[in-house]
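According to TrEMBL, the protein carries these features:
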{"type": "COMPBIAS", "residues": "1-11", "note": "compositional bias 'Pro residues'"}
{"type": "COMPBIAS", "residues": "15-25", "note": "compositional bias 'Basic and acidic residues'"}
{"type": "REGION", "residues": "1-30", "note": "region 'Disordered'"}
{"type": "REPEAT", "residues": "179-220", "note": "repeat 'WD'"}
{"type": "REPEAT", "residues": "221-262", "note": "repeat 'WD'"}
{"type": "REPEAT", "residues": "263-298", "note": "repeat 'WD'"}
{"type": "REPEAT", "residues": "305-346", "note": "repeat 'WD'"}
Amino acid sequence: MSTEAAPPPVTPTDEQQKKPEEPRRASTIHSESYMKKLNLVFRSMKRSRDFFAADYQAYPEVNEKGDELMKGIKKRNEYRHVLNHVDEARRKKEDEIMKVPTASGIIADVVRQGEVLAITGGEAGQAKKSASGGQLISTLPVGSQPRAEDNTTRALLPSKAPVMIKPKWHAPWKLYRVISGHTGWVRSVDVEPENQWFASGGADRIIKIWDLASGKLRLSLTGHISSVRAVKISHRNPYLFSGGEDKQVKCWDLEYNKVVRHYHGHLSAVQALAVHPTLDVLISTARDSTARVWDIRTKCQIHCLSGHTNTVADVVCQATNPQVITGSHDSTVRLWDLAAGKTMCTLTHHKV
């Protein structure tokens, strides 16, 4: 067994203790210098912001002289020919205006050349005493040549605004008569050309003929199985046409008071009817987005005017082109060529 004593513990010297503290102190010094620099940068930024904050959102000043010069150069380079035409047109207009006789030229024919027009006489516009001692008013030379400045000024004056014709006053309209007889909504009315009677169709599926003078019921026509949406009286034949929500278009003979023709083809409720003023042609419109042209005599369909995308609500027919005009729930109005059966024009200015 060994009896040697354990070596004493080694204690670090002062120099060895200072060695790890040196890099720590260097890093601390470095961070302090970095923070000082950062503070200086922040202070500089703050001063800059305080100095320029008022003008931050302001637009830079525009050099008006340079801007005008740039516009003038661009105008000459790109619009030279247009400006030449404008100047030439202006000169022509001024030449025409100068040829127009002025008031002074008209007076020159009455007053001798060189005279002076004044209240009490005088020359060269100078004020003189009259025989009665009164003071002259400033004179106006007459008979001189018309000046271009006067003509140009007169031409530039605004013309007189158009005056709207005031309508003649009449007594307020008064209710003349109330006619009742339908048991449902009255959907359509049409007056006979000779102004003797009129027809009405309603939701009660009945067409009623009324005396226009007395307002009494003359006749009731039954035959539709749903609401009557349109009635139209022919101006050339003794016929009454009707269309309803039962998809039917009927032709009534007013001499026998019965249906003589049916026009089949619509796939939904009929909305409106129109009779051509010079041809034996009937036009009907419906919810199936079509307007159909019928031969009144043969019951044949001449055209199916398609193009609308919704219910065709109304139709008008005239003798001159466009002979058929339709209005639809698709916010359009179409003008049709009746001979070709095609759209001539579509008006789309209506908005939903």
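All positions are counted from 1 along the displayed chain.
Note: Cβ is positioned from N, Cα and C throughout, glycine not excepted.
Curation does not apply to TrEMBL; its annotations are automatic.
Just going by CB pairs under 8 A, the stretch in 179-220, 221-262, 263-298 that sits most against the repeat 'WD' (305-346) is 263-298. Per-residue pLDDT, averaged over the repeat 'WD' (305-346), rounds to 94. Summarised by DSSP class, the composition of the repeat 'WD' (179-220) is 0 helix, 22 strand, 20 coil.
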